[in-house]
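Colleague: Look at TrEMBL and you will find HIS67 tagged as active site, proton acceptor. What TrEMBL records for ILE69, ASN120, ASP121, ASN176, ASP221, ASN222 is Ca(2+) binding site. According to TrEMBL, the feature N-linked glycosylation site maps to ASN222, ASN276.
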Amino acid sequence: MHLEKWSQWNPRAATLLRDLGLKYPGMPSFAPDEPGQIFLMDLNEQNPRAQALNISDGFDKASFNPHGISTFIDEDHTVYLYVVNHPHMKSTVEKFKFEEQQRSLVHLKTIKHELLKSLNDIVVLGPEQFYATRDHYFTNFFLVLLEIIMDLHWTYVVFYSPTEVKVVAEGFSSANGITVSLDKKYIYAADVAAQNIHVLKKHENWDLTQVKVIHLGILVDNLTEDPDTGDIWAGCHPNGMKLLIYNPEDPPGSEVLRIQNVLSEKPKISTEYANNGSVLQGSSVASVYHGKLLIGTVFHKALYCLL
């Protein structure tokens, strides 16, 4: 599951949740016949609840298989949602406009490109500009297994705009979650297999240069940033084999890490949530807003906590 904060959306703060039904090769699915959905939670409510958003006609909702998501708020306060989609196990990026009164998403366009394959996550920094991660070089499932075994480090971060598409950071074992610092000067990208986070400096031409690598010693999935402090929150997997070889009697656990003082010589890394799978299985992301925490999973449920 993936969560995305709308920390700049006034007058209410909201969180977008991708549905728990992601169909991903090699992963179990608790709802294999159900299409994906996008949910909305208003975190200013005393007892917030997830509400499914309607999607406009003309979009193939039956094959909707959402993965990473990101929002962009225009100068006129229009909210746009970009979604990594895997229809029929392909990769596209879908652009929607959020209609607040109708609680709906209007589909605007589908983005495809040769470099936008095996996409995982996305962070949007302009009306038509975003960074996205490619988590596997190959698209064939058996070649992906070979890629993992050989640890090829062929995945990357790609920049997209209507006029230019280019690889801006490479050498990842499996590029995964991606987010941006509060001042928009740095990009943070997770390498799940290498168990680390790359801190990358953003340049005016959209190129990225590596500043540092933070090793976490755990399979780090998606990243979000605390809108108040700039801390990174990471959904992590304590045991990757339990995630791939699912056993309901011994399910994969969950762990959430918080990384403070990211740019300092010694960032502070703390465990904010841990569970053996009895409550939450396969945590993939954690998002905070004013003392409230949402933890999402790959194929299980979501957990709402007060910090």
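Yeah, the Cβs are placed from backbone N, Cα and C, and that goes for glycine too.
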Colleague: From the Cα of ASN276 (N-linked glycosylation site) across to the Cα of ASP121 (Ca(2+) binding site), what is the distance in angstrom?
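Modeller: Pair distance, Cα basis, whole Å: 26 Å.
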Colleague: How many other Cβ atoms sit within 10 Å of the Cβ of ASP121 (Ca(2+) binding site)?
Modeller: 28
Colleague: Tell me the Cα distance separating HIS67 (active site, proton acceptor) from ASN176 (Ca(2+) binding site), rounded to the nearest angstrom.
Modeller: 11
Colleague: Rank the binding-site residues ASN120, ASN176, ASN222 by the number of other Cβ atoms within 10 Å of each Cβ and report the first-ranked residue.
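Modeller: Highest number of other Cβ atoms within 10 Å: ASN222.
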Colleague: What number of additional C-beta atoms lies within 10 angstroms of the C-beta atom of ASP221 (Ca(2+) binding site)?
Modeller: 25
Colleague: What whole-number Å value do you get for the CA-CA distance of ASN276 (N-linked glycosylation site) and the residue listed as 'active site, proton acceptor'?
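Modeller: Cα to Cα, ASN276 (N-linked glycosylation site) and the residue listed as 'active site, proton acceptor' are separated by 24 Å.
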Colleague: Measure from the CA atom of HIS67 (active site, proton acceptor) to the CA atom of ASP221 (Ca(2+) binding site) and give the result in Å, rounded to a whole number.
Modeller: 12
Colleague: Roughly how many Å lie between the Cα atoms of ASN222 (Ca(2+) binding site) and the residue listed as 'active site, proton acceptor', rounded to a whole value?
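Modeller: Counting only the Cα atoms, the answer is 11 Å.
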